[in-house]
């Protein structure tokens with residue numbers, strides 16, 4: 001199927017420069033350790049809503065945040081290739097349009113996946129209980145969700161390619177309230193009623209809750225089901241919008 | 001190989017609707033080298049982008065390599081090489097990698113792609129740059145890489161959109177040497193756009209002149225110049241009154257026009273000036289006119305454009 005092979009092709013092209021920049025890899029390894037070292041000690045002193053270790057609660061939320069912020073802004077990397085002719089060059093080949101987008105998205109997500117694995121392994125001696133299968137399912141859901149958000153971001157980059165400021169403004173004014181309303185950093189159970197109700201209308205909330213449940217070792221529960229549904233719907237909608245935008249674009 | 005019927009394209013802008021291409025008809029046969037010539041904004045690139053499936057047409061129909069552009073875009077994409085106006089290589093990607101990926105995107109196998117990439121690196125004198133990042137290449141090198149990318153899958157038809165714009169004269173000549181050699185070797189159909197007059201004149205076998213979204217002329221450069229411009233004979237006389245006699249004589253020349261006596265200098269436009277000149281000079285001699293200097297100026301495609309539109313392409317190029 002050309003979608004799959006072109007996804008790999010696009011991923012292969014994009015990952016090349018990443019693999020060659022050592023500072024990028026070093027930064028990628030250090031970043032999650034900073035969160036663990038500088039934020040988690042503070043967190044353990046806070047009264048959290050649920051029971052269990054603070055790490056068990058915080059690590060999945062942080063991963064959702066990393067995935068959201070990375071993928072929402074990754075259209076920026078496409079802008080440069082939109083302004084030059086290199087994206088257009090691929091559009092003049094038979095390469096699958098969704099494949100081109102998803103391959104690019106995976107290039108952004110691959111380092112995050114490695115960061116997440118490092119984070120889990122490093123946090124384990126500090127009290128993170130390991131539930132390997134549920135945790136891997138959690139990471140897979142994050143990847144699916146990330147592909148969707150990245151595709152929306154590519155669509156936005158194409159729509160705003162002549163105005164970099166517009167891309168930045170729209171992507172941030174969407175992602176910031178989503179993140180704050182998703183209960184990523186602090187439990188929404190502590191929020192006033194109106195804020196709690198608002199958070200129930202945020203799809204990200206369900207993904208965050210599903211990730212937390214998976215990190216507690218749950219798999220076959222409605223919470224995980226809702227989160228998985230959100231991830232899949234975001235991916236389908238994102239790829240559809242991204243592909244249509246590419247096809248209609250007059251670059 | 002390329003056929004277009006009544007192709008139009010309109011764009012909606014804040015100030016209203018712009019008709020970029022208005023009823024374009026064209027036919028290009030196998031192995032032809034055709035140039036779209038026209039000022040910036042004439043609709044050349046828009047037309048090429050529609051023929052290469054990158055932009056949907058507003059109305060009309062086109063087929064490229066026997067496939068309908070709107071209904072079978074994927075088949076068209078496999079037939080064509082496309083070298084766009086802007087740099088096609090990614091700045092942080094390596095030269096050889098870009099070529100191999102391009103081959104893969106054009107459905108070549110990994111080993112075929114590698115072999116062809118090496119072949120093209122040699123053909124376009126890029127071997128020494130194969131493992132460099134593309135953004136470290138000079139303008140001329142980047143352009144050669146763009147052509148190599150377009151040639152990866154050995155397409156039947158190559159589209160070149162302003163291939164030499166922004167290159168210095170040496171790089172331009174070098175790029176053209178490569179393109180013309182590859183064409184001789186493969187016999188591929190080449191369709192290019194340019195606003196360089198000399199490029200259209202010397203490289204293309206057929207020139208389609210575009211202006212305001214319409215094709216206003218379509219012929220070989222020689223015929224366009226003969227029919228739409230003509231040669232200019234210029235004379236300088238020894239004394240002033242003689243230009244009036246020259247004007248009388250010139251009026252009897254076949255197809256003479258633009259007869260312009262002006263002080264001691266005189267000019268007239270005719271077809272095939274080199275052949276007319278001896279007769280003209282003999283006739284003037286018989287009327288006792290003393291000629292100081294005589295010359296024939298061959299027309300350029302700019303004269304063609306000037307005669308068609310009343311504007312010079314050169315002014316346009318500079319203004320844009």
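Backbone N, Cα and C define each Cβ position, glycine as well.
TrEMBL labels come from automatic prediction, so no person has curated them.
Per TrEMBL, the feature domain 'ABC transmembrane type-2' maps to A:23-249. Under the heading transmembrane segment, TrEMBL lists A:21-45, A:57-79, A:109-131, A:137-159, A:166-186, A:223-246.
Proximity of distant same-chain residues to the transmembrane segment (A:137-159), defined by a Cβ-Cβ separation under 8 Å and at least 6 residues beyond the stretch ends, is recorded for 60, 63-64, 67-68, 70-76, 78-79, 82, 101-102, 104-106, 108-109, 112-113, 116-117, 167, 170-171, 207, 210-211, 214-215, 219, 224, 227-228, 230-239, 241-246, 249, 251. With a threshold of 8 Å between CB atoms, the same-chain residues lying at least 6 positions outside the transmembrane segment (A:223-246) that come near it are 91, 97-98, 100-102, 137, 141-142, 144-145, 147-152, 154-155, 158-159, 203-204, 206-211, 213-214. Looking at which of A:21-45, A:57-79, A:166-186 has the most CB pairs under 8 Å to the transmembrane segment (A:109-131), the answer is the stretch A:21-45. Residues 61-62, 64-65, 68-69, 72-73, 75-76, 79, 153, 156-157, 160, 195, 198-199, 202, 204-205, 207-209 of the same chain lie 6 or more positions beyond the ends of the transmembrane segment (A:166-186) yet place their CB under 8 Å from a CB of it.
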